[in-house]
Amino acid sequence: MAPVLNIVIGSHVWVADKDLAWIDGEVFKIDGQNAHVRTTKGKTVTANVSDIHPKDTEAPPDGVDDMTRLSYLHEPGVLDNLAVRYAKNIIYTYTGNILIAINPFQRLPNLVDVQTMEKYKGANLGDLDPHVFAIADVSYRQMMNEGKSNSILVSGESGAGKTETTKLLMRYLAFLGGRSGTGGRTVEQQVLESNPVLEAFGNAKTVRNNNSSRFGKFVELQFDKSGKISGAAIRTYLLERSRVCQTSSPERNYHCFYFLCSAPSEDIKKYKLGDPSSFHYLNQSSCIRVDGINDAEEYLATRNAMDMVGITEEEQEAIFRVVAAVLHLGNISFAKGTEADSSVIKDAKSRFHLNTAGELLMCDCEKLENALIKREINTPEGVITTTVGPNSATVSRDGFAKQIYSRLFDWLVNRINASIGQDPSSDKLIGVLDIYGFESFKTNSLNNYASTSRTKNSSNILTRMYSKWSRRSTQGSRLTGVT
Ligand SMILES: Nc1ncnc2c1ncn2[C@@H]1O[C@H](COP(=O)(O)OP(=O)(O)OP(=O)(O)O)[C@@H](O)[C@H]1O
């Protein structure tokens with residue numbers, strides 16, 4: 001932020017505050033580069049003039065619904081405007097064509113009901129109060145009028161409300177372009193019904209969010225010439241693979257592991273499972289249960305959601321066999337072998353988990369063991385097999401677990417897409433991109449680094465777009481975004 005030069009005695013300003021981020025007050029003395037400010041909370045603060053920002057004393061007390069109308073578009077001005085509106089349960093605010101959505105952490109039914117959808121249908125952006133439906137409506141009408149595809153980007157940090165906002169966008173687009181599908185299930189219903197399945201396998205409890213999406217999602221809704229939804233596809237990317245083998249308090253691994261460990265007893269017996277705390281991939285964190293998540297009920301709900309999206313009983317069995325196999329793999333420990341750089345299965349307990357993983361994956365247990373404790377090297381003379389020490393065997397085990405879990409996730413997404421169905425003749429679509437939130441981990445793996453830097457890059461691009469859009473007239477701009 002450029003230094004503010006017109007600060008004089010009597011100026012109303014914002015100064016940084018460690019608890020409130022920014023606090024407002026009046027300058028009563030200036031000595032050199034220091035301004036002395038009496039804050040509205042009765043404190044006296046001294047700050048460098050370059051670190052304080054002017055306050056617009058004529059700003060409307062209820063805030064403005066489009067922040068391009070703020071006299072000062074600086075951080076304290078923006079935050080104050082959003083806070084004033086949020087206090088009145090107004091969670092949406094525009095900055096030009098971009099919608100800022102603040103997480104209400106409570107259901108606001110009147111804000112998202114069918115009457116509200118009716119109201120926003122066909123309304124111009126800015127004619128009504130800021131709303132996520134207005135963004136969806138604009139992108140739909142642009143698509144229909146110009147015959148071109150459109151995209152809506154939903155971005156924000158973890159727990160900001162991206163997934164909930166994406167669901168509202170989908171619901172509104174389904175309201176505009178909905179039609180009856182085969183067998184009574186519409187395409188849009190199937191897309192929405194696939195959420196619990198994807199969330200069971202791709203969401204986890206994190207520090208910030210009990211149901212955090214650990215993958216990015218791009219949902220394409222395809223439309224026919226009359227503007228009705230004719231097909232859909234879900235594309236996912238950057239599943240956080242490292243979580244499968246590595247979790248730390250107070251986070252959890254992917255929900256499906258805990259759901260399966262709370263399954264009815266016949267399933268527990270079939271998959272040779274036990275309490276989640278007996279599995280290495282789950283007990284690295286002391287967080288096993290989460291308030292508000294009933295793992296036993298969620299297991300049944302996930303099975304039900306799988307039925308709804310057309311995943312057969314046989315396929316469901318196979319899916320949960322892989323999930324259970326991952327847990328058993330994590331409990332295989334290795335000890336040093338008799339030769340240098342070699343390892344053996346540590347004990348009878350590890351042998352039990354190796355054999356169970358092999359049975360569940362329907363593979364030869366001896367081959368599975370060799371794959372973990374040996375390595376094949378391709379040389380010009382042919383393939384050489386060497387043994388590896390316990391540490392390398394553990395790395396192989398974790399690599400294998402991550403690989404089969406992410407392949408399972410990709411398979412699920414493909415399966416859901418196959419059952420929703422795509423329209424090969426559709427020439428236009430609306431894509432909704434939900435970029436998952438970034439955060440910093442205690443131990444950052446290459447996978448964390450890759451996803452965090454990509455997400456940060458996207459967020460930086462979005463931030464740059466904001467300021468550009470805020471500075472110029474937004475008339476005619478074709479991009480829409482929500483954050
Ligand atoms: N519009 C909303 N109405 C009601 N509750 C909401 C809304 N948006 C978010 N929430 C609440 O906040 C929680 C976190 O929101 P959400 O999962 O959408 O965040 P996210 O940005 O997708 O996070 P992550 O990147 O970690 O997946 C939700 O589980 C819900 O309880």
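Placement of Cβ uses the backbone N, Cα and C atoms for every residue, glycine included.
Features as listed in TrEMBL:
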type	residues	note
DOMAIN	8-57	domain 'Myosin N-terminal SH3-like'
DOMAIN	62-483	domain 'Myosin motor'
BINDING	GLY156, GLU157, SER158, GLY159, ALA160, GLY161, LYS162, THR163	ATP binding site
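Under DSSP, the residues of the domain 'Myosin N-terminal SH3-like' (8-57) split into helix, strand and coil as follows: 3 helix, 30 strand, 17 coil. In terms of local Cβ density within 10 Å, LYS162 ranks first among the binding-site residues SER158, GLY161, LYS162. Around THR163 (ATP binding site), taking its Cβ as the centre, 21 other Cβ atoms fall within 10 Å, counting all chains. Mean predicted confidence for the domain 'Myosin N-terminal SH3-like' (8-57): the pLDDT average there is 93. Take the binding-site residues GLY156, GLY159: by the count of other Cβ atoms within 10 Å of each Cβ, the lowest one is GLY159. The Cβ neighbour count for ALA160 (ATP binding site), using a 10 Å radius over every protein chain in view, is 18. Over all protein chains present, the Cβ of GLU157 (ATP binding site) has 15 other Cβ atoms lying within 10 Å.
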